[in-house]
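Colleague: Dropping a structure here in structure tokens format, bear with me for questions.
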Amino acid sequence: MKRVAILGSTGSIGVQALDVVGRFPDRFEVVGLAAGRNAPRLLEQIRRFRPRVVSVCDEAAARAVRAEAPPGTEVLSGDAGAVAVASHPDAAFVLAAISGGAGLRSTAAAIEAGKPVGLANKESMVLAGELLMARAAAKGVAILPVDSEHSAIHQSLVGHNRGEVRRLILTASGGPLRCTPEAELATVTPERALKHPNWSMGDKITIDSATLMNKGLEVIEARWLFGVEQQRIDIVVHPESVVHSMVEYVDGSIVAQLGISDMRGPISYAMGHPERMPLDLPPLDLGRLGKLTFEPPDPARFPAYTLAYRALELGGTAPAVLSGADEAAVAAFLARRCSFTEIAEVCADVLEAHVVEPVRSVEQALAASEHGRREAEKRVGARAHAPASR
């Protein structure tokens, strides 16, 4: 029986992780849950899984949960609450799925407590990947990726010598706007950009998929997770989302992981590792699929992913600043305060204006991300009030 804590339990990944737990009651016991403000969903989870401790983002939500939670469940709040769940002494595995930079402190706490981590929070690696991997190595902690692409790379590396890797190849669906002409992108609405063809995800990551910023952030994540320089990490657009990513070896051989588009696959791989668990999911029928297509990404239409390579080139706090700027720009787009194409423009402006410093602590990484967010908000506001060109 593996005792697990799930951070971000009411989000998309957290809900699917609990679905996996529910399928294997003899394998998993939930000891802790951390959520945002969705008290009704968290209460449903508490009643079903009976965790010992839960946390929500603020005290108001905590009071609402305490009023209805069954006896025996401790209810905490804020960052300190999420950290307590992540480092709970009874947890033998922590799934880190709190979205955005908000998940960094709890992810770091799990590592410091010596817990194996299933990492679904890519921003932790983007903000402080070098630091976290160093701490994980010092603590002897395994970090198992939950992003489908990084899970695919992890699976494609099993049994191989890391020194024989030539490059990593991350696949991208291309998002809902893959075939949209460049001239139309500036007028794309949030509703259109949120219609992902293959995956069901939260709003922020879906917009990042549409801009290809998500793939850029995954390049940063892969750079630290697998210790491969960005010059040896490539992106290829693969609309079917069947090949989840690939590893090319020095002899020219490519090993890939294929599967249907269902996050319960990589979630169960991380949670059950080193064993695989039988999932009642539809099989991948390659005969019916008929073909797999691949194409290079188009930096002219979707320049956002190139900013991630630039951030890695700059080093230090640059990736954290880029991540924060993207969070603010995407929020502005969803609120109709900036256009789709302005997301990348704002992020590029913030990144190039930033004075880079080495990342020496989690708090410094978070401060850099917050700086990027503030600078992006300023630029969105300035653009909104700029006179129209004649």
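Any Cβ shown, glycine's included, is placed from N, Cα and C.
Sharing the feature lines straight out of Swiss-Prot:
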- Thr10, Gly11, Ser12, Ile13, Gly36, Arg37, Asn38, Asn121, Glu123, Gly202: NADPH binding site (BINDING)
- Lys122, Ser148, Glu149, Ser173, His196, Ser209, Asn214, Lys215, Glu218: 1-deoxy-D-xylulose 5-phosphate binding site (BINDING)
- Asp147, Glu149, Glu218: Mn(2+) binding site (BINDING)
- 367-390: region 'Disordered' (REGION)
- 370-380: compositional bias 'Basic and acidic residues' (COMPBIAS)
Colleague: Based on DSSP, name the secondary structure state of Gly36 (NADPH binding site): helix, strand or coil.
Modeller: coil
Colleague: Using the centroid of the Cβ atoms of Asp147, Glu149, Glu218 as reference, list every other same-chain residue with Cβ within 8 Å of it (recorded Mn(2+) site), in sequence order.
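Modeller: Result: Lys122, Pro145, Ser148, His150, Ser151, Leu170, Asn214, Lys215, Glu221, Ala222, Ser245.
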Colleague: According to DSSP, which kind of secondary structure is His196 (1-deoxy-D-xylulose 5-phosphate binding site) found in, if we only use helix, strand and coil?
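Modeller: DSSP call for His196 (1-deoxy-D-xylulose 5-phosphate binding site): coil, neither helix nor strand.
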Colleague: Mind giving me a neighbour count for Glu149 (1-deoxy-D-xylulose 5-phosphate binding site)? Other Cβ atoms within 10 Å of its Cβ, every protein chain shown.
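Modeller: Summing over all protein chains shown, Glu149 (1-deoxy-D-xylulose 5-phosphate binding site) has 27 other Cβ atoms within 10 Å.
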Colleague: CB neighbours of Gly36 (NADPH binding site) within 10 A?
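Modeller: The answer is 21.
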Colleague: Sort out for me which one of Glu123, Asp147, Glu218 has the most neighbouring CB atoms within 10 A, since those are the binding-site residues we care about.
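Modeller: Checking each of Glu123, Asp147, Glu218, the winner is Glu218.
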Colleague: Can you count helix, strand and coil residues in the compositional bias 'Basic and acidic residues' (370-380) using DSSP?
Modeller: 11 helix, 0 strand, 0 coil
Colleague: Among all the protein chains here, how many other CB atoms are within 10 A of the CB of Ser12 (NADPH binding site)?
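Modeller: Cβ-Cβ neighbours of Ser12 (NADPH binding site) within 10 Å number 18.
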Colleague: Give the distance between the Cα atoms of Glu123 (NADPH binding site) and Glu149 (1-deoxy-D-xylulose 5-phosphate binding site), rounded to the nearest whole Å.
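Modeller: Glu123 (NADPH binding site) to Glu149 (1-deoxy-D-xylulose 5-phosphate binding site), Cα-Cα distance: 15 Å.
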Colleague: When you tally the Cβ atoms that lie within 10 Å of each candidate's Cβ, which of the binding-site residues (Thr10, Asn38, Asn214) has the highest tally?
Modeller: Asn214
Colleague: Tell me the Cα distance separating Ser12 (NADPH binding site) from Lys122 (1-deoxy-D-xylulose 5-phosphate binding site), rounded to the nearest angstrom.
Modeller: 14
Colleague: Which of the listed binding-site residues (Lys122, His196) has the least company, meaning the fewest other Cβ atoms within 10 Å of its Cβ?
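Modeller: Least crowded of the binding-site residues Lys122, His196, by Cβ count within 10 Å, is His196.
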Colleague: If one measures from the C-alpha of Glu149 (1-deoxy-D-xylulose 5-phosphate binding site) to the C-alpha of Ser12 (NADPH binding site), what distance in angstrom results, rounded to a whole number?
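Modeller: On Cα coordinates alone, these residues lie 17 Å apart.
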Colleague: Round to the nearest Å and give the CA-to-CA distance linking His196 (1-deoxy-D-xylulose 5-phosphate binding site) with Thr10 (NADPH binding site).
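Modeller: His196 (1-deoxy-D-xylulose 5-phosphate binding site) and Thr10 (NADPH binding site) have their Cα atoms 21 Å apart.
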